[in-house]
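Trainee: In case it's useful when we look at the structure, here is the feature table from Swiss-Prot:
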- 1-23: signal peptide (SIGNAL)
- 24-27: region 'Involved in metalloproteinase-binding' (REGION)
- C24: Zn(2+) binding site (BINDING)
- 24-147: domain 'NTR' (DOMAIN)
- C24-C93: disulfide bond (DISULFID)
- C26-C122: disulfide bond (DISULFID)
- C36-C147: disulfide bond (DISULFID)
- N53: N-linked glycosylation site (CARBOHYD)
- N101: N-linked glycosylation site (CARBOHYD)
- C150-C197: disulfide bond (DISULFID)
- C155-C160: disulfide bond (DISULFID)
- C168-C189: disulfide bond (DISULFID)
- S178: phosphoserine (MOD_RES)
Amino acid sequence: MAPFAPLVSGILLLLWLTAPSRACTCVPPHPQTAFCSSEFVIRAKFVGTSEVNQTTLQRRYEIKMTKMFKGFSALGDAPDTWFVYTPAMESLCGYFHRSENRSEEFLIAGQLLDEKLYITTCSFVAPWNSLSSAQRQGFTKTYAAGCGECSVFPCSSIPCKLQSDTDCLWTDQLLTGSDKGFQSRYLACLPREPGLCTWQSLRPRTA
């Protein structure tokens, strides 16, 4: 049975990674949700070619980390160069990196398993330069303030009703048909007072 252990582990990993996505039918999350639900959030460059392990059915990418926003306790004083793992096939929610620019920085949010970094096509992976200045501020320091107490509640069809005073109604998809609307690009769901969370602007205030 020993020779089959890596294959079994690989299949179990694929099921674990893809179960929430319902066979890759992913609803893009608000960036704050991506931050709070991920075990690591980093800024990094994809510097190596992808390699596929046919035994575990995993693809891995070599990355060079330039900034860590979340995951300090797990990653600690980690080296700058890491491998990020994903299912080998896109049909199994595997992430396929299409950019060939090795100097381009990406925001990568994913999960940790056995001290390895894992992402899927449902993970939040985006060019750093494509994020608004407000989103960059959110990932750098502000989104963390809403984790645990506040929740972004997606509204894609009417009627929508908040479940709690600590929820913020996310209507970008409903109003614009896109997950990259105003609330996604410029707002965070943060505590206003004990037991109450509201949308708050991340844009710098001008005098």
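Backbone N, Cα and C define each Cβ position, glycine as well.
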Trainee: Can you tell which of the recorded positions C24, C93, C122, C155 lies nearest to N53 (N-linked glycosylation site) in space, using Cα positions?
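Mentor: Result for N53 (N-linked glycosylation site): the nearest of the recorded positions is C93.
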Trainee: Can you tell me the three-state DSSP label for C155 (disulfide bond)?
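Mentor: In the DSSP reduction, C155 (disulfide bond) maps to coil.
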Trainee: Do you know offhand how many angstrom separate the residue listed as 'Zn(2+) binding site' and C93 (disulfide bond) by C-alpha?
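Mentor: Cα to Cα, the residue listed as 'Zn(2+) binding site' and C93 (disulfide bond) are separated by 5 Å.
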Trainee: Filter the recorded positions C93, C155, S178 down to those whose C-alpha lies within 10 angstroms of the C-alpha of C122 (disulfide bond); answer none if the list is empty.
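Mentor: Passing the 10 Å Cα cut: C93.
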Trainee: Between the Cα atoms of C147 (disulfide bond) and C189 (disulfide bond), find the distance and write it as a whole number of Å.
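Mentor: The Cα atom of C147 (disulfide bond) is 9 Å away from the Cα atom of C189 (disulfide bond).
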Trainee: Once the DSSP letters are reduced so that anything not helix or strand counts as coil, what is the residue listed as 'phosphoserine'?
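Mentor: Where the residue listed as 'phosphoserine' sits, the three-state DSSP reduction gives coil.
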